[in-house]
Structures are given as structure tokens and as C-alpha cells.
Amino acid sequence: MDAPLLEARGIHKRFGHAHVLRGVDFAVHAGEICALVGDNGAGKSTLVKILSGADAPSAGTISVEGRPVVFASPAEAQRHGIATVYQDLALAPDLSPADNIFLGNELMRRGLAGRLGFLDRAEMRRRATEQFARLGVRLRSNKAPVSSLSGGQRQSVAISRAAMWADKVIFMDEPTAALGVVQTARVIELIRQVKQAGISVVLISHNMPQVIEVADRIVVLRLGENVAEFHAGDVDVDRLIAAMTAGTPTARSPS
Amino acid sequence: MSTTTEPDREDDAETRRERLTRLFGGGWIFLLLIFLIALFAALRPMQFGSAYNLSQLTINAAILLVLSIGQTFVIVTAGIDLAIGAVLVFASVLSAKTMLWLAGAAGTTFGTTDASWLVIGIGSLVAVAAGMAWGAVSGWLVAVARIPALIVTLGTFGMALGLAQIITGGVDVRAMPERLVAHVGAGSIAGVPTLVVIAVVVTAGAAVVLHLTRFGTRVFAIGSNAEAARRAGINVRAYMIAIYMISGALAGVGAVMSNARFSTTTIGGHGMDNLTTISAVVLGGTSLFGGVGSIAGTVIGVFIPIILLNGFVILGIPPFWQTVAMGAVLIVAVWVDQLKRRAQERG
């Protein structure tokens, strides 16, 4: 089997006396949707921060496609093809979807105009439209500010942006927590589209039926340790919850 | 919520309300300007529409416009610059003193000096540099020390004005280079007053920078959501400092224009500039919450009070009514902005 896209081994994280992660192993393979679940305080958020470059581990190693790496910042993780969709989305509500997608990575005009700082708005809009089409995102308008879009559409813009700049792994922190039924279904569909586009997804969610429905693999953390790992199809909500709360040791396949 | 709630129809094109907002929501203040011009032109065509009156209107607007452009950049980032008028006074005093000294005249000289264009050039650079320095101080305190802009610029307002008074002993510098007064203050280029030419160049340049460049887009992004901009890898602190430096530099340009126009520094004459520019910017549709705004709007916002005052004077209405009318218009403008925002956030 090929080396995982992203792999963490023996990750420890201490905040003062709090030992939040106690030797967690985690791997993301090509072309999968992997869910990371666990009760509050299990260390999911801390692990995601470490894997996306927002925080540094106290101990442990991270490797991308088998090569060891150190992420000093989210930007550096992004250069390795790893991006995060934060729960607050980090969008500029007054800017258009295209401007948001290219924020910090703007396209400049060619030649002198570009060197003087002029933007190539037409090209940015064209590529943004292309990206939305690739992922099946339908926005009401490509020019209206993001603040005029629905919650689901904003989520779609944020995910499309991550998929634009990451070609390996996207972390999504509770992407459907604040959405209604119809919009949740669309975001789930979008997550599948991202996988189809060849980018692996790590989904952090509290919604167990949803996790079982979309994930190919489910990793369960409890109190900073791996307690279980399931493959889609051979787990139900009860077993998941048992693993999350009691840490019942189950089939932990060290694949 | 006047729109019907059909969750599956959300992909439809913009709603009627949004289309109206787009066409008139930001544009009603422009319609007000057109209305005022049409009204005064219809009531007193000879006086209001005369070439002399129109050129006086634009000259009156020129300095205020340059200051308001700087204020626009600051307010788009959700900041505020109360120091603008005091920085102008400080820069004009420093510039005037420098030109006097270089021309070899005594500090008590009245009237005009025969300083060369080189001296005037150095004096102008001193004014712009002094403005930028104050901008750098304000910007650093806002962006790095994270003190609210309202307090920081209230502080630099007092410091700049006080230092200007210390430098001059509270007495205006009344000797300006003859060439500066004749060619910049009272002169014209191809029939257009030089002060107006300067204001037009500054305005056009600022419009290009704010609306067409990466710098401008990032200014909007920072005003819209500074945290998102930071996570996108933008050096938000450097941008904030640069924004206040732009505002300070334009106050320096305003200082040169003011010296040229009045042939004296005007230490006591700029206490209200901050509020005048803020109301012009806000009238022009730039949101105090940041992220939304335009240079074109600011131009309109600068002209409304000036045309209102001019029209009242011509019609024989006591000019004090202009102050009353402007206060009311400003409140309405901010109210409309908030209603627009709420409508959008609901939608």
C-alpha cells in the first residue's frame, strides 16, 4: 500500500499540565472521506490544528506522502496541499465569492499593470466559476457579496476555496452544524464532489448518522487517545457512541 | 422577511428588493445631489449656474475632498481618523517654517517671500512626510498596540495640534512663497484652478488604487473580516499602518493646498475637519462598519454640504440652516446603511 497522503504518529500535546493528546496516530489516505469523532475534550480540534499547521505538537511526527514535514503555519500546510475550512468559515462577507476564493492568492494582470498591483478580476471570476462548476456548486450570483448568500452557499464558497488551494487533504470542522436539512444535504453532496475531484476530506462532526452515511472510515478519539477505528458499513450509531463514551476497544486496524 | 421562504428556490436570481437596493440603495445620495443642483439651478440660474460660482464651489471642495479620500481608506478598514485636521495644521506649520528658513526670511515676516520652486518643493515634501509620520504613529498604535482608533486618533489630534501651537507660539505663520500662492493657490492649469487639478488627480489615483488593485481589494477584505484576511496570509498590521499613513500623507497634501490658498497657516481653522470628512465619507455610502465604500461616493458626499451652503446663501436662507440640514442628512444616511445591512444579513 502507498504511503498515506498525510500521516501523524505518536502525537502528544500538552498545555501546561493538561495532557490533551497522548500519542495519537492518524492517517489520511488518497481518495477517502475520513471522519474524526469523539466527545468534547477528546482532542479532535487540537489534532486538526496540529495537522493543519495552526499549532505545533509537543511530540510526534507528521509526514506528507511518506516524507517527514514540520508545519510552522497554516500557509505552510497549504503549500503541502492541506487546507482547513474553519467553523466560522473565515470569509469576508462584503466581498464577492470570487474575491473570497482568491483572497491572499490574487491573480494579477500580465506585464507592467500586474507589477503595479492591478488585479485581473475577469480571470479571477472565470476561474472561480470554473471551480464552482467542477464541484457542482450553484450560487445565486457570482457578483453579489457573500453576506447575501444563504448559510449553505457560504459553506460551499469556503469549501470551494479550500479545494482550490489544497490538492491533497481538506479538514472540515462541523461543516453542517448550523444548517437546515436541505442545505445540509447539499453540503454533504459537495463533500462527495470534493472526494470525486481527488481530494481527501477529514470530517469533524457530532452528527453520528451523518458520519456513518458519508465517511469511508471513522476514527474515534477519547481523552486524547485513539480508541477505535471503523470502516463504513460495519458500524452503527450505538457502537460509535459506545466507543466515544466508554472507549470500548474494538477492531483497531493499523492499516 | 418579506421574501417568501421556499428553501429550494434559493438559487434563483437576486430578489426584487436586492435589485432595488443595488440600483437605488447606494445611489439615493447621488439622486439627492442631482436634485439639489437642479433645484438651485432652477431657482437662481444666473447666480448658481455662473462659471464663477461653479469654480468657487470646486475650489471650496478641493481641500476637503483630498482629506476625505484619506478618511475613506481608513473607514473602509472599519477605522476612523479624527486627527486629520490637526495633522494638516501640524504639516502646514512645519512646511511653512521650513520654507521661511530656506528662503532666509525671519520668522516674523509678513506677506510673501520670493522662495524658489525648489524651496517650495522641499516644503511640500516636508508637509507630506510630516503627515505620513503622524499616520505611522496612529497606525502603529491601532494595529500593533490594538488601541481603538477613536482613542488613538483623538490622542494624535491633540498632540499634533498642540505641537503645532508650540512650534509657532500659537501665532499663524503668515509668510508664504509668492510662487506657491500665485500659481497653486490662485493659479489655474488650462483654465481649471490648480487646487482643483490637484484634488482631481488625488481622487482619480485613489479610485484606481482602491477599486482596481490588489491593495484596494485587501483593504476591503480587512474592513470586512480582519481575521479572515489574516488567515488568508495577509499582513493585516502592515496594511493598517499603511492606511493611516495614506490618510496622513493626504492631510500633508491638504496642508500644502491650504497654505497656498490662504497664504497663511490656519491653526484655528481645522478643528471640525475630522467630523466634516467623516460625514462626507459616510454620506457617500461608505459603511462605518467597514468593508463597503467607494471613492465616487465620497466625492458626492463632499459636494452635498458645499452645494447646500452655497444654495442657501444664494437663496438668502440663513446659512446656519445648512448645519441643521447636514446633521439630519447624516443621520438618515447612516440609518439607511444599517437598514441595508440588516436586510442583507437576513436574506
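Note that Cβ sites are derived from N, Cα and C of the backbone, with glycine treated the same way.
The transmembrane segment annotation in TrEMBL covers B:20-42 (among others).
What TrEMBL lists as transmembrane segment is B:54-76 (among others). Counting same-chain residues at least six beyond the ends of the transmembrane segment (B:54-76), those with a Cβ under 8 angstroms from any Cβ of the stretch are 84-85, 88, 149, 193, 195-196, 198-199, 202-203, 206, 210, 219-220, 223, 243-244, 246-251, 253-254, 257-258, 261, 273, 276-278, 280-282, 284, 286-288, 290-295, 298-299, 301-303, 306-307, 310.
The feature transmembrane segment is assigned by TrEMBL to B:82-103 (among others).
Proximity of distant same-chain residues to the transmembrane segment (B:115-137), defined by a Cβ-Cβ separation under 8 Å and at least 6 residues beyond the stretch ends, is recorded for 83, 87-88, 90-92, 94-96, 98-99, 102-103, 156, 160, 177-180, 241, 244-253, 255-256, 259. According to TrEMBL, the transmembrane segment annotation covers B:115-137 (among others).
The feature transmembrane segment is assigned by TrEMBL to B:143-168 (among others). Long-range contacts of the transmembrane segment (B:143-168) within the same chain: residues 74, 79-83, 85-87, 89-90, 93-94, 97, 134, 137, 236-238, 240-241, 265, 267, 274, each at least 6 residues beyond the stretch ends and with a Cβ under 8 Å from a Cβ of the stretch.
Beyond the ends of the transmembrane segment (B:180-210), by six or more residues, the same chain brings 55, 58-59, 61-63, 65-66, 69, 72-73, 76, 99, 112, 115, 120, 123, 216, 219, 250, 253, 256-257, 259-263, 294-296, 299 to within a C-beta distance below 8 angstroms of the stretch. Summarising the annotation, TrEMBL assigns transmembrane segment to B:180-210 (among others).
The transmembrane segment feature in TrEMBL is assigned to B:238-257 (among others).
For the transmembrane segment (B:278-308), same-chain residues at least 6 beyond its ends with a Cβ under 8 Å from one of its own Cβ atoms are 26, 29-30, 32-33, 36-37, 40, 57, 60-61, 64-65, 68-69, 71-72, 75-80, 203, 206-207, 210-211, 220-225, 322, 325-326, 329-330, 333-334, 337, 341. Per TrEMBL, transmembrane segment is recorded for B:278-308 (among others).
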